[in-house]
Each structure stands twice: as C-alpha cells, then as structure tokens.
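Undergrad: My questions will all concern the structure given below.
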Amino acid sequence: MTTRILTGITTTGTPHLGNYAGAIRPAIRASQQPGVDSFYFLADYHALIKCDDPLRIQRSRLEIAATWLAGGLDPDKVTFYRQSDIPEIPELTWLLTCVAAKGLLNRAHAYKASVDKNVENGEDPDAGVTMGLFSYPVLMAADILMFNANKVPVGRDQIQHVEMARDIGQRFNHLFGQGKDFFALPEAVIEESVATLPGLDGRKMSKSYDNTIPLFTSAKDMKDAISRIVTDSRAPGEAKDPDNAHLFTLYQAFSTPEQCAGFREELLQGLGWGDAKQRLFQLLDGQLAEKREYYHQLIARPADLEDILLAGAAKARKIATPFLEQLREAVGLRSFRSSVQATAEVKKKATKSARFVSFRDEDGSFRFRLLAADGEQLLLSRSFADGKSAGAVSKQLQQGGEADVRIEGLSFGLWLNGEQVADGPQFDNAEARDAAIQSLNEALAPQQD
C-alpha cells in the first residue's frame, strides 16, 4: 500500500544549516523509501502572512526551490510544486472555511500567542492580527486535504494544525459525504531523531535570532561564520565537555557515528576550539561543496527552475482539478446542465445524527470522538491501550449506557461506571458549554423506534 506524504516550507528567507538538517535532508531521504508517494511544495501563500516584502519572497522562492534540488530531491520521482501554482488550493480553502468553526480557530497557538502578547502590552486583543494569521490553519488544511496526504512530517509546534486539518476534513465528510469520505484523515509525523541545531550564539538556529549559517554560502563565508560560534574559555590542552558544546552538536548532525566518536574523544583530550572549528568546517565543506556548486548553477538558471516547478504543478493539478470538481458537486456548486436538478423535487436530506469516530493517536493509543450532527466535536475520549477497550466504551455509550456528565469550569467530563472516559472541549463561556451538554445528552439518549 502506498503512503502519501506531504511537506511544505514557507518561502520567507534563505535556507540555513538548521533548515537542512531539521527538515530538508530527512524529507529527501523519506522520498527515497519504497511505497511512498511524496509531495513537496513551496508554501508561498503562507509566506504572505508573515512577510510584506515582495523581493524577499521572490528571492526566497528561488533559493528554497534550488535548495531542494541541490539537496538531492528528484522531481521525476516526487511531486514538487509551488503552492501558488495550484488554483484549486485557495478554492478548497474557502470550502473548508465555510465549515471550520471559529471556536476551533480561536484556539490556534499562533493566534492565541498574538492575542496574549497584545493583552500583556495593554493593547486591543486583535491588534495587528490579520485574517491571514487567523485563518492560517484552514489554508494548511487545504494544502494537506487537497492531496489526501496520509502523513505530514512537522515540528512539534505544528501538530495542532494537522489535528485541525483532521477536524475540518472530518466535519466536511460528515456534512457532505452522504456515506462517503472525501478526505483521508492525516497524521502528524514527529521525527524524534531530527536535529534541532544551535546557532552561532547557542540558541536555536533561526533567522529571527540572526544566528544562522546559510546552507550554501561560500566556503570563505562559512568558515568565517563557524569561527564566530560561541565556546567556553577552556584553553588548548584542557578537556572540553562535548555534551555542552554547541560546536559538537553541529558536528554530530553532519558526521557518521565513527567520526562523531573520534571528535568527542579529541575534545575530551583537550583539542583547542580553533582546531575544533577547523574540523567542523572541513566536515561541512566536504559534504556541501558539490551541492553548493549545483545550487549556484540552479540559481543562475531560474528559467530551468520555473520549468521544473510548472511541470510539478501540472502533475499535482491532475489530482487536484477532478477532485475539486467532486467537492464542488458535493456542496451544490453544480452545472445547470447536470441531470441532477436542484429543484423542489429533490428529496429532503435525511436527518443527520451524532456519530462516534474511532482513531489511533500518535502515541499508539486508541481513542474516539463524538461529533454532533453539524460536525462539531462534543467529546474526545481518554486514551485506551487497545482498540477493543475503546470500542467497548463507545458501544456502551451508543446503546444508552448510564453516563454522568460533570461540569469542570468551562468544560465538562463524561463518566461511565465510576470512571472518567471522555472530555468535552474548552468553551469561551458557560452558555456555550451548557448548549453543548444539551446536545450531548440528546446524542446519548436512547433512540426510539
């Protein structure tokens, strides 16, 4: 069975060593595995949320495209495209926006962080917040759901957005699927072994901290940057502490286990920091020199990059265009020539009811959700060690087993046989919480024939 994997990088800056080791290199390696259908894209619509400098965005698109290819991505074996070359994505974003609950988007980490910062500074909670920032998770959901990605490699700060994509896709399926699921429900993939590299000052390597080492800068500039890596004051001949040395962490991310063990031993034996920095430069230059040359060749031939990306977009649209047509049909955006006429003769839709949805969580445990008739989540179960246990509780609730709803602040818990088995969402006020409890009681009430 083929697994579809999707990865995007926002085009707001020049790729650095941290981007390469943390995202680009592992993604390229994953694309070379058997049984994988990989989609890689330049998230240039997302870039507009954070950056209003057109020249910077244009330059970053070029640099990131060249970086993927110079790093070893084979465009003939993957689908490689620019987000902005797929017009179906913004259209799908709107379809999903129309079913995405505002309360769900209110809980997005990036939006909440902006609101919290504004409140802390005594400003209006939404000061400086654009609709782009607020609805960013819906655009990300469209990126994922457009191609029915099964797995989405992300950093821990992005797990919530993949979960939101699941929720939005699930709600669309419920409202318009009529027994069919249009969208596969994606899973976030966290690579525990992926490196998070320190920058020149020891903090996480980030453009925000101005502490990066550009990936394909010249050998001279790379050597100069490495010379500025902060180290302790231990002199040559004094034993160094590799586990607390940022320079060693960088070396470890690019070396073989044998090279790393040898470098560790040299530091313990008193290798001077100047010599250690020279070792790091030699390691990086040896790995990146050929890729650097290819990168600069690509940068010098932007028309070739354009052709590669347009070919990837054409490949992606062979999937996106017919799929969006199905979605348009599902929501009622149909041709008047269609044999199915939206007239009074069409039978009234069958009344939708609440439903239980089982799934397996990232940690391998089993859980279930209870969705209301409109697709809103009413309950999220606690974790169960196996599917049988989760299914038994779900079945007992569906059969009208005596459940006890207990209010917990602006949320509530569901108890069964003296044990808490599920939790409700966190609500903005008591009225919304009480309305949800009413819907829950109706959903769990035994059905009369």
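Using the three backbone atoms N, Cα and C, a Cβ is placed for every residue, glycine included.
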Undergrad: What range among 124-128, 204-208, 384-388 does Swiss-Prot record as motif ''KMSKS' region'?
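TA: So the range that Swiss-Prot calls motif ''KMSKS' region' is 204-208.
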Undergrad: For the motif ''HIGH' region' (11-19), what does DSSP give as the number of helix, strand and coil residues?
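TA: Per-class counts: 3 helix, 1 strand, 5 coil.
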Undergrad: Tell me, what is the mean pLDDT of the motif ''KMSKS' region' (204-208)?
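TA: Looking only at the motif ''KMSKS' region' (204-208), pLDDT averages out to 85.
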Undergrad: Just jot down the residues in the same chain as Thr12 (ATP binding site), at least 6 apart in sequence, with C-beta under 8 A of its C-beta; none if empty.
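TA: Result: Ala47, Lys50, Cys51, Arg56, Ile57, Ser60, Lys207.
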Undergrad: Counting other Cβ atoms within 10 Å, pick out the least crowded of the binding-site residues Arg156, Lys207.
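TA: So among Arg156, Lys207, the binding-site residues given, the one with the fewest Cβ atoms within 10 Å is Arg156.
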Undergrad: What count of other C-beta atoms do you get within 10 angstroms of the C-beta of Asn19 (ATP binding site), across all chains shown?
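TA: A 10 Å sphere around the Cβ of Asn19 (ATP binding site) contains 22 other Cβ atoms.
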Undergrad: Of all the binding-site residues given, Thr10, Leu197, Met205, which has the fewest Cβ neighbours within 10 Å once its own Cβ is left out?
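TA: With the binding-site residues Thr10, Leu197, Met205, fewest surrounding Cβ atoms within 10 Å: Thr10.
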Undergrad: Give the residue counts of the motif ''KMSKS' region' (204-208) per reduced DSSP state, in the order helix, strand, coil.
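TA: Counting residues by DSSP class gives 2 helix, 1 strand, 2 coil.
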